[in-house]
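These come from Swiss-Prot:
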{"type": "BINDING", "residues": "D487, D493", "note": "Mg(2+) binding site"}
{"type": "DOMAIN", "residues": "554-613", "note": "domain 'KH'"}
{"type": "DOMAIN", "residues": "623-691", "note": "domain 'S1 motif'"}
Amino acid sequence: MSQEKQVFSIDLAGRQLTVETGQLAKQANGAVLVRYGDTAVLSTATASKEAKNVDFFPLTVNYEERLYAVGKIPGGFIKREGRPSEKAILASRLIDRPIRPLFADGFRNEVQVVSIVMSVDQDCSSEMAAMLGSSLALSISDIPFEGPIAGATVGRINGEFVINPTVEQQEQSDIHLVVAGTKDAINMVEAGADQVPEETMLEAIMFGHDEIKRLIAFQEEIVQAVGKEKSEVKLYEVDADLNQSVREMAEKDMHSAIQVHEKHAREDAINEVKKRVIEHYEAQEADADTLGQVNEILYKIVKEEVRRLITVEKIRPDGRKGDEIRPLASEVGILSRTHGSGLFTRGQTQALSICTLGALGDVQILDGLGVEESKRFMHHYNFPSFSVGETRPMRGPGRREIGHGALGERALEPVIPSEKDFPYTVRLVSEVLESNGSTSQASICGSTLAMMDAGVPLKAPVAGIAMGLVKSGEHYTILTDIQGMEDHLGDMDFKVAGTAHGVTALQMDIKIDGLSREILEEALQQAKVGRMHILDHMLSVIAEPRTELSAYAPKIITMTINPDKIRDVIGPSGKQINKIIEETGVKIDIEQDGTVFISSINQEMNDKAKKIIEDIVREVQVGEIYEGKVKRVEKFGAFVELFSGKDGLVHISELALERVGKVEDVVKIGDVITVKVIEIDKQGRVNLSRKVLLKEEQEKEAAKEENKQEQQ
């Protein structure tokens, strides 16, 4: 293998993708620099030389954003990147999920894959470059990785599928799909869609897989040219004699324990069998390694029996049929002071979602590598330890919580009304109160209920369901509404959310090779049936969004002003707008096109603020009549306030019909008089007349008197 710099290129969606090896990060087991358009990502893979003494595969995938990639300096006092952004965490998960299944069972060496985003071209996805780079870094290294994998983004514009759409194309697309896999099979899907039919989503997945095959062939050429020989690694294996001994002791009782229907009772029964076996070996003074192997064998017994029952005997751990959904229960409006709340329970999974409405100024500001600067719709997901009856420290959200929150956000966003139709920021928080599988989908259902309770005029209600698959040889069973054990021990986790009209979000992780199109199609159709059942239940609780918002939600008035007048409303250094806010207690948000949003929980204060702004931007027209207060008196006339912020002069000669010797003889400060605008000079000064109106009144009276005399 050569250590010289080598460059490989391929066309990807009309833009050149280049891979450079042999120059950067040469002490890593594998490293590549991927350039896609002007996007550049350095991906590295490193592994420990010895296996770790753990009972899982210690893989870490990091997608690291650097703000220099878009020519920005980080905000704040420290001026360096801090904790990863939500987008970076989601990208790390996106890369981790298709890579993780491609390491051999029993491989316990620590592996770290790091992708550093060094330059960003918004039309060339840094996530897709990082996914390809991560796969290549592992593939050309000596780490025993059974790849390569590749990923592709698929959009749909006017019915035509597009690979890796540009920013402009993404705005027109009704599908936002990321698909990843090997040359033989898909193993990861992440999608958002605008109520798209299941058949179309399946076509999009297959379209993306065709592009994946081409990218994998490209990677295989690079591996052939620069790849290292894979190192021999000792895989973790249990002792054969110990395996037989434990199985003889535990299998029969474990099979009975697995078929206990209730979750906690089943866990207790399984743990009782485990405890008895462990105590037997502890009595024989078995060392820690032996006890670790015993635990591994017991886990395999549970896994094998659960899978056998599902695939061969068609029996699920809780006794349900394959397409049966657990009992459903829902409530809305259970928290009095919140703007909207929804409680959704499915079996032993329960989510309480709360909807909060805010002004447009409450949007989340995004300071990242993307073009999006803010978002007005947010969904946050919390998974406290008590939801599974455990104790652990209460810390901030982890990767899983951020991922589940983002999935819910993606599922619900297509049905959120536009800013024009509903000028509010919407924040949803889903608190998982009980967990036995499918909590992310329960949070979607709970959030729909909460928004309908809050009076958000959704385009359509959304429900979500998690599907599973257990495949053994030719036998397979698709499961609707999987619970925790089925998710953990099964071959597929397939989450589908949508409305009655189509899919809005889809997330799939597959742990096995060779999943056929037919199985995927069957799973999607079975998910649709389940989704419709859940939607019917939800609509029986609240049929449509409430017509009135909560008394505690902000009321928003929308008005439009001339964009040239925005600076008058804001005033020097914000003096004018801050004065209005201080006087009325409202929030004011002004768009560049002159749209003004005024919000507070007090409608009277909203109206007051609107009146003040109307007065500030109001244009005085010649011929208009005003009732104004005298603000100042000079020798030459009186200054009259027509409305807030606008004065005019009544010259002494225009105060009365008769000649006026002294202004104070007619008006004094504080008097309210009626005046007419007779001129606006070139300097914008407003000249007023009281005399004109008095003369008009005099003429009317004279005409009336004349008519009266004629009638006599």
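Glycine residues also receive a Cβ, built from the backbone N, Cα and C atoms like all the rest.
The Cβ of D493 (Mg(2+) binding site) has 22 neighbouring Cβ atoms from other residues within 10 Å, across all protein chains displayed. Non-local contacts of D487 (Mg(2+) binding site) by the CB criterion (under 8 A, 6+ apart in sequence, same chain) comprise G437, S438, A466, G468, D493. Secondary structure at D493 (Mg(2+) binding site), as computed by DSSP, is strand. Over the domain 'S1 motif' (623-691), the average per-residue pLDDT in this prediction is 91.
Taking H, G and I as helix, E and B as strand and the rest as coil, DSSP gives the domain 'S1 motif' (623-691) the counts 7 helix, 36 strand, 26 coil.
As a summary of secondary structure, the domain 'KH' (554-613) carries 32 helix, 16 strand, 12 coil according to DSSP.
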